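According to TrEMBL, the feature domain 'Urocanase N-terminal' maps to 17-134. For 138-346, the entry in TrEMBL reads domain 'Urocanase Rossmann-like'. The NAD(+) binding site annotation in TrEMBL covers 174-176, Asp194, Arg199, 240-241, 261-265, 271-272, Gly490. Taken from TrEMBL, the feature domain 'Urocanase C-terminal' covers 349-542.
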Amino acid sequence: MTSANPRHPDFPIPGGPKLRAKGWRQEGLLRLLENVLAVGEDPSNLVVYAALGRAARNWPAHKAIVQALTTMEEDQTLVIQSGKPVGLLRTHAKAPLVIMANCNIVGQWAKAEIFYELERKGLICWGGLTAGAWQYIGSQGVIQGTYEIFMRIAERRFGGTLAGRFILTAGLGGMGGSQPLAGRMAGAAILTIDIDPERARKRKEIGYLEVIAPDLDTALTMIEAAKSERRALSVGLVGNAADIYPEIARRGIVPDVVTDQTAAHDLVFGYVPRTRSLDEARAMRKTAPEQLMEESRASIVDHVRAMLTFQSRGAEVFDNGNLIRTHAREGGLANAFDIPIFTEAYLRPLFARAIGPFRWMALSGDPKDIAAIDDLVLRLFGDNQIVSNWIKLARQYVPFEGLPARIAWLGHGERSELALGVNELVADGTLKGPVAFSRDHLDAAGMAHPNIMTENMRDGSDAIADWPLLDAMALCSSQADLVAVHSGGGGYAGYMTSAGVTLIADGTAAAAERLAMSLDNDTGLGVIRYADAGYGEAIDEVSLKHIPHIQL
Ligand code: NAD
């Protein structure tokens, strides 16, 4: 049984009790593949988010993946290479059902030009972090992270609230679309610019954005009114951020918080330079990609220069993980890195304790299953301020897209405790169906990204990709259902390596074993990674939670 998907009618939302595969583990992964397309940005081209982040390499590959998931036995492992299934190995019932590697290119060859060439030849595809591994849940996937950043800023600079404060940002795409809602949840008046009117319309339609202003003057008047009344408000504006940021600076207006989440990582298929209309840029993607790259880089320089101006006038400015500083520096803006990265500036103490973006999806398709899990989270972690505050807010504000899902930043021991509790609710019939657990690849053990996750690590280990590779191997050894290793990032090559994991809680004892072992080893390794780098929070967590860290 599927339900209608008004956004993409050809991609219905999966759900219901009927199995098409030979077990819930296979069926669960199949539903997650269907779900990333149902909530994706451009599913007819298999694009889920982050400009080119795809769920499968091409349609024949997609068809073969669906066929394999539908027919495979529990003692087989499907092997996927950059979105294309290449083998169905005989393994055993405790082995992962799916292992995948997306967009990994050997060091010296890991360059944008080589990625684009391999992509054109149909040999590789960019899986984003969660697109290729079928873990994307729509804009909700990063919303708590963005909200927590805003709240850390509120605590440090504005007496604990962003009421009466102005946030300026850009990007209303798959991930960036979470910003207006996160800003409103934090109490702010938030203005988000996007060059594509269709994206703005979409975010308004699904309830992430309240109003779209017809022009900059109207937008600023709305923001000013909301600020003075200390009223939370999200305003969208169609335009190029590389024009609008400098114009706001020219008028002498200083927002309280400034960031950006345009698809600046991709100078061809993501960012639109101020010198081109959206249609012109789209046409040039095929006809003149090098020219487009050059113009995008030049625009990013203007865009980031305006961000630096706001910073020099007292605004809190940060990079929200889209490599905009990296491209600005390559374009000649030497001080682009005066802008801090969000991970180091606000979230590292959480990551050091392996507290990160954990999420779960109700495979039944029934929102009541998520409501019951919300209740369980509040019962188990009611005294955890961050978690209980978030669940209450999310219930009130966050609309579901696709399969009902929830994200919550949980740490070592908490993730497995929740998952085992949910597995029992599946077993005793409280929930209508099994539940899938996953996380963003941007997690303690899961990622090496020297310009985002691991910038300025205390021991200088920023660029060492051993950690996510070890994580993936540990997860395979711990009976996870799906394990993925991705590389890519900006320009899709050479910027990061990450590991992802998915588990299906189907109410069985075998699932309980898989959940406990995989989730604890994943977060345990995360804590070990930060303890190894010398973070005090991680060293404390090792002794407090008896994590098996070997200290030399
Ligand atoms: P997306 O491709 O879905 O959307 C990008 C948006 O940027 C589009 O709506 C596009 O119209 C807009 N845009 C491009 N150039 C513009 C310009 N000059 N002015 C105004 N708007 C412009 O991408 P997404 O999934 O929303 O991701 C956005 C960025 O965030 C990516 O670089 C991605 O890698 C990064 N990201 C960061 C995190 C994190 O944890 N902080 C998580 C996921 C993604």
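Cβ atoms are placed via backbone N, Cα and C, with glycine included.
Annotated features taken from TrEMBL, shown on the structure.
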{"residue": "Gly174", "record": "NAD(+) binding site", "DSSP class": "coil"}
{"residue": "Arg199", "record": "NAD(+) binding site", "DSSP class": "helix"}
{"residue": "Ala241", "record": "NAD(+) binding site", "DSSP class": "helix"}
{"residue": "Thr262", "record": "NAD(+) binding site", "DSSP class": "coil"}
{"residue": "Tyr271", "record": "NAD(+) binding site", "DSSP class": "coil"}
Cβ neighbour count (within 10 Å, all chains shown) around Arg199 (NAD(+) binding site): 21
Secondary structure tally of the domain 'Urocanase N-terminal' (17-134) (DSSP, helix then strand then coil): 43 helix, 24 strand, 51 coil
All-chain count of other Cβ atoms within 10 Å of Tyr271 (NAD(+) binding site): 30
Sequence-distant neighbours of Ala241 (NAD(+) binding site) in its chain (C-beta under 8 A, six or more apart): Ala170, Gly171, Ile193, Ile195, Asp260, Thr262, His303
Around the Cβ of Gly174 (NAD(+) binding site), the count of other Cβ atoms that are within 10 Å: 29
Mean predicted confidence [pLDDT] for the domain 'Urocanase C-terminal' (349-542): 96
